[in-house]
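A.B. asks: Here's a structure for you.
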């Protein structure tokens, strides 16, 4: 029987900072043979042909030093897909790729004991020929660390620290609050923690007695977020007060509402049940013999507060340490290059999986999920984009079996949450969305967000007035903030929080136009701005919008 030759080497893939190079170096050290390290990007030279010669020379040197390991870091730089390279007409990269394939083939055909290990953050960009035919066909993907693995990493990084109350209970909470973090992110978190500790010690002139405490970790966590989310808007970017800390199971607000959100009690309760509770305890759904919703759609007229409500969800999941929150403007995904929009969608969902548990928010989703059959472009861009979105959404399948397993132990529950991604989206025109995306199994829950009622407007206006210094002397009938808020609430039907802010801003500008040295906003200008907002052209526009909304509701059953 003919002897089957082993593969030339392997490809190690994973997120930036996850430890690919460290793993490869550890493998080389364990083998105990000479290691040749090559940063793939350093291959490229100035003159034609030099890059290929340099690469061939390195492989020949490895053969002369056999047995040895050739470690190529960032191999996508010299092994890019020929399809992509042909599009950019890069003869240099194609030539280097040819030299790489030739060198790998020579090692494969010879009896020289040379192991080629390579690393990449983008395995999809590597040419298929490099990964086949006994070359680098052993592909190892490193997944982001689980909660247990993050805890072990944190223990190792902090084992020599002098700390106060850094017992395993605190580190366990910290490991649960760092979903999506890789090794480099945890290292950055620890470095920032030490910096906060040293800065505090320097301010009190007690550097020799510096002690790390949970407060320093909380400050560092407020400004540290997973590197996989660096290209997206994430809630971890927002500075949080130390008092909110990293408590995985902190209780919701006593009123059951989201801070700063008025008149949306039903919507908030639905969001809590369908999104937030499954992240905390999915067993509640299982008791009813069902699974958590995969998607929630917010619908409503412009200015009704859909995005504001989504931001409140982001703050809630961050405050309670339940999940990452990725916010996407759908219009930003659209590009002129054929295939790039689908690629952006694919990469976005891959990012959400890597950062799981994660809430993925699409603002203005009608931009990427229009009704099929009306795409007049020759490339059928929107139809292909919708198909990709449907495929990716179907990939987040939460089965009852997985839920059953999640109840077996805390470890099993963490494994379930590691895979859990829920979609949140908003639209002003539900009728423009393709019916396929609205069916159960994709967007299971639809929430109508309307303008606040009078009581909600009064609370909203009262909250806004607390930030503005108003002089009530010009109109004695309005002698307090409460009286003014009640009057404005009665007259602002159909107005949003943004409209109220605009009224107060216009009043402030009018006061400054009258007297640049004014220290307070005159009540007469507040009432004047209110009249313009409720009786002027903008009021007619809102009235027309309300009529259109009512007509759409009758037509589409929204």
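In case you wondered, yes, glycine gets a Cβ from its N, Cα and C as well.
Those TrEMBL annotations? Automatic predictions, nothing curated.
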A.B. asks: Quick one: sort out which of 234-255, 256-277, 278-299 is the region 'Disordered' according to TrEMBL.
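C.D. replies: When 234-255, 256-277, 278-299 are checked in TrEMBL, region 'Disordered' belongs to 234-255.
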A.B. asks: Using DSSP, break the domain 'AAA+ ATPase' (6-146) down into helix, strand and coil residues and give each count.
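C.D. replies: So the counts come to 67 helix, 30 strand, 44 coil.
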A.B. asks: Mean pLDDT for the domain 'AAA+ ATPase' (292-453), as a whole number?
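C.D. replies: The predicted confidence over the domain 'AAA+ ATPase' (292-453), as a mean pLDDT, is 79.
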